[in-house]
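Participant: Below is a structure I'd like to ask you about.
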Amino acid sequence: MIEADRLISAGTTLPEDVADRAIRPKLLEEYVGQPQVRSQMEIFIKAAKLRGDALDHLLIFGPPGLGKTTLANIVANEMGVNLRTTSGPVLEKAGDLAAMLTNLEPHDVLFIDEIHRLSPVVEEVLYPAMEDYQLDIMIGEGPAARSIKIDLPPFTLIGATTRAGSLTSPLRDRFGIVQRLEFYQVPDLQYIVSRSARFMGLEMSDDGALEVARRARGTPRIANRLLRRVRDFAEVKHDGTISADIAAQALDMLNVDAEGFDYMDRKLLLAVIDKFFGGPVGLDNLAAAIGEERETIEDVLEPYLIQQGFLQRTPRGRMATTRAWNHFGITPPEMP
């Protein structure tokens with residue numbers, strides 16, 4: 001099973017996730033969760049507007065599905081400017097970036113998703129553009145080649161990444177504002193689910209929204225995805241109204257348990273517990289035991305389990321925590 005096959009994967013965007021754009025918040029006052037980010041951005045945006053300046057360059061990082069693109073849209077809306085969107089892998093040549101930069105109007109926002117995947121050649125072009133609002137372009141080839149400078153209007157670059165550590169220091173240092181998005185708390189996710197249900201014209205109880213929020217792994221993208229599947233279940237099996245019981249039935253049918261774990265999460269944890277007595281177990285042995293690639297375990301399955309305290313990564317291998325044993329109703333062995 002690959003990440004794209006998993007309903008609870010925030011790292012992949014399904015076609016239906018595009019429909020979420022209609023229900024995304026447009027302004028900071030509509031933005032739920034991330035209180036520190038929201039309060040800071042409100043000050044930075046107001047200050048920039050009072051001075052009549054472009055907002056300083058902004059780097060947004062954090063796990064996938066937490067709203068980095070949404071925040072970029074909110075910044076552009078609050079500043080009253082255009083938003084130009086692209087991504088690191090798309091900008092293959094320096095000319096690709098130059099074309100976007102020269103089409104910007106004063107104070108516009110250029111949003112680059114997956115900015116950690118910019119090629120070194122493109123990144124070099126970005127440095128003077130960010131620092132001096134200038135574009136250095138080479139004209140011609142060989143001995144006749146010459147460099148010309150093009151002045152750019154003041155603009156805001158917003159970079160988004162799930163891997164802030166992969167950014168080069170020169171690029172990271174050019175961002176005046178750096179914001180980290182954290183996993184959402186259940187009450188905030190409950191509000192997001194209820195809001196989405198209203199936009200979708202669904203009749204949903206507060207307890208129903210809470211049940212979806214609890215299993216959404218702290219991620220709005222997953223919450224909205226689960227909501228659509230619960231809606232399908234409620235419309236086919238019941239009268240369309242979503243209560244806590246109906247939401248629980250739907251999510252149980254989808255193999256998403258109370259912790260937001262799916263079949264693959266449980267398979268990994270049970271392999272560590274049952275086949276390796278709780279660990280430690282080496283990555284290669286674990287991969288063979290569950291029939292997955294070691295890269296899939298490291299990049300897709302492990303992070304959330306470790307973050308939630310169900311799995312430990314130790315020098316001797318992976319170990320199931322007491323919380324993992326308790327999750328399956330199994331008594332952990334006595335510690336020597």
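A Cβ is built for glycine as well, from the same backbone N, Cα and C atoms used for every other residue.
Not my notes, these are from Swiss-Prot:
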REGION    4-184  region 'Large ATPase domain (RuvB-L)'
BINDING   Ile23, Arg24, Gly65, Lys68, Thr69, Thr70, Glu131, Asp132, Tyr133, Arg174, Tyr184, Arg221  ATP binding site
BINDING   Thr69  Mg(2+) binding site
REGION    185-255  region 'Small ATPAse domain (RuvB-S)'
REGION    258-336  region 'Head domain (RuvB-H)'
BINDING   Arg294, Arg313, Arg318  DNA binding site
Participant: Within 8 Å of the centroid of the Cβ atoms of Arg294, Arg313, Arg318, which other residues of that chain place their own Cβ, given that this set defines the recorded DNA site?
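Facilitator: Sorted by sequence, the hits are Val281, Gly282, Leu283, Leu286, Ile297, Glu298, Glu302, Gly317.
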Participant: Determine the Cβ neighbour count for Tyr133 (ATP binding site): the number of other Cβ atoms within 10 Å of its Cβ.
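Facilitator: Its Cβ shell of radius 10 Å holds 16 other Cβ atoms.
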Participant: Compute all pairwise C-alpha distances among Ile23, Arg24, Gly65, Lys68, Thr69, Thr70, Glu131, Asp132, Tyr133, Arg174, Tyr184, Arg221, the residues listed as binding ATP, and give the largest one in whole angstrom.
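Facilitator: Looking at Ile23, Arg24, Gly65, Lys68, Thr69, Thr70, Glu131, Asp132, Tyr133, Arg174, Tyr184, Arg221 as a set, their Cα atoms extend up to 37 Å apart.
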Participant: Thr69 (ATP binding site) has how many other Cβ neighbours within 10 Å of its own Cβ?
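Facilitator: Around the Cβ of Thr69 (ATP binding site), 18 other Cβ atoms lie within 10 Å.
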Participant: When you tally the Cβ atoms that lie within 10 Å of each candidate's Cβ, which of the binding-site residues (Arg294, Arg318) has the highest tally?
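Facilitator: Comparing the binding-site residues Arg294, Arg318, the most crowded Cβ belongs to Arg318.
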Participant: Which is it, of Ile23, Gly65, Glu131, Tyr184, Arg313: the one of these binding-site residues whose Cβ has the most other Cβ atoms within 10 Å?
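Facilitator: Per the Cβ count, the most surrounded site is Gly65.
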Participant: Average pLDDT across the region 'Head domain (RuvB-H)' (258-336)?
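Facilitator: PLDDT averaged over the stretch: 90.
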Participant: Please classify the secondary structure at Tyr184 (ATP binding site) using three-state DSSP.
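Facilitator: The three-state answer is coil.
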Participant: Please list, for the region 'Head domain (RuvB-H)' (258-336), how many residues fall into helix, strand and coil according to DSSP.
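Facilitator: Tallied per class, the region 'Head domain (RuvB-H)' (258-336) gives 41 helix, 9 strand, 29 coil.
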Participant: Could you tell me the C-alpha distance between Tyr133 (ATP binding site) and Arg313 (DNA binding site) in angstrom, no decimals?
Facilitator: 45
